[in-house]
Amino acid sequence: MAAADDLKFQEFDDAANLLAANPDATTISIDEPVEIPKNQHSRLQEPGREEDDELLGTDDSDKTELLAGQKKSAPFWTFEYYQTFFDVDTYQVLDRIKGSVFPVPGKNFVRLYIRSNPDLYGPFWICATLVFTIAVSGNLSNFFIHLGKPTYHYVPEFRKVSIAATTIYAYAWLVPLALWGFLMWRNSKVMNIVSYSFLEIVCVYGYSLFIYIPTAILWIIPQKVVRWVLVVFSLCLSGTVLVMTFWPAVRDDNRRIALATVGTILLLHALLAVGCLAYFFDAPELDFPAPVIPAHNGTTVTTKSH
């Protein structure tokens, strides 16, 4: 049989001999965490760096999100390709709607809600709901304004649905497309410009329109002062979401170009709201058909009424 000394681990004996020869040697335990030099984290402690990471995100966090949410890409002509754009649950949609109605100061809407899983489900149905809400509310408003006038005959204006659909969907798709192209162009000239994806910009614009759904319902109230107060309030909320989202992306650009970009975004957003209010709710008085009064000499006399 082998002697007991032969069964000993020679490595441990060698280590013991080394420690005996040099008692002051530094040893590392497996259970002890390895300390990271402080100079490796000095870049993260720079002034203003934390704010930029919060608003725009770092490359490491973006890579982590991309790896965590990696999905198999399908050809664009298949149903599975477009199904990924609608892969959201009710809680995500409600959370994004809440974020668009109650913007948090200093928080980026894309970074906080959209980037992990951008979708088209919410923007599509928000725009569709807004189309029918504006069309129906506009007809009801016209009915209540002229209610009680004997010469008025109510006729539903179904063309308002098509006009509202064309206006809202064109705004929700063409404006993000133009803004995405502009950011890509400026990104080629200024390295610090952050370019959002087209899908992320569509999400921001789609969810920012949600506030106009309850606003359009309240526009039925036949008081111009109330309507204009509502439109200003809605513009402040939705405009704040747009500014907090796109200002961090263009603030490193030329000062005039950055201010002009944000100003154009707010101007187009205001034109949509004011245009819908003016066309669908504050339409001018209609000329009613004049009654026909027979004359004694066999001719007819018409009188025009307004």
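Each Cβ is built from the backbone N, Cα and C atoms, and glycine gets one as well.
Whatever TrEMBL says is automated annotation, not expert-curated.
The compositional bias 'Acidic residues' annotation in TrEMBL covers 49-59.
Averaged over the domain 'Yip1' (101-273), the predicted model has a pLDDT of 89. Residues annotated as domain 'Yip1' in TrEMBL: 101-273.
Annotation source TrEMBL lists region 'Disordered' at 29-61.
According to TrEMBL, the feature transmembrane segment maps to 120-141 (among others). If one looks beyond the transmembrane segment (120-141) by at least 6 residues along the same chain, the residues whose Cβ comes under 8 Å of a Cβ in the stretch are 85-86, 88, 93, 96-97, 156-157, 160-161, 164-165, 168-169, 172, 199, 202-203, 205-207, 209-210, 212-213, 216-217, 219-220, 222, 276, 280-281.
The transmembrane segment feature in TrEMBL is assigned to 161-185 (among others). Proximity of distant same-chain residues to the transmembrane segment (161-185), defined by a Cβ-Cβ separation under 8 Å and at least 6 residues beyond the stretch ends, is recorded for 123, 127, 130-132, 134-135, 138, 193-198, 201-202, 204-206, 209, 246, 249-250, 261, 265, 268, 272, 275-276, 279-280.
Under the heading transmembrane segment, TrEMBL lists 197-222 (among others).
The feature transmembrane segment is assigned by TrEMBL to 228-250 (among others).
The transmembrane segment annotation in TrEMBL covers 257-281 (among others). Beyond the transmembrane segment (257-281), the same-chain residues lying 6 or more positions past its ends with a Cβ under 8 Å from any Cβ of the stretch are 134-135, 137-138, 141, 160, 163-164, 167-168, 171, 175, 179, 182, 186, 208, 212, 216, 219, 227-228, 231, 234-235, 238-239, 242-243, 246-247, 250-251.
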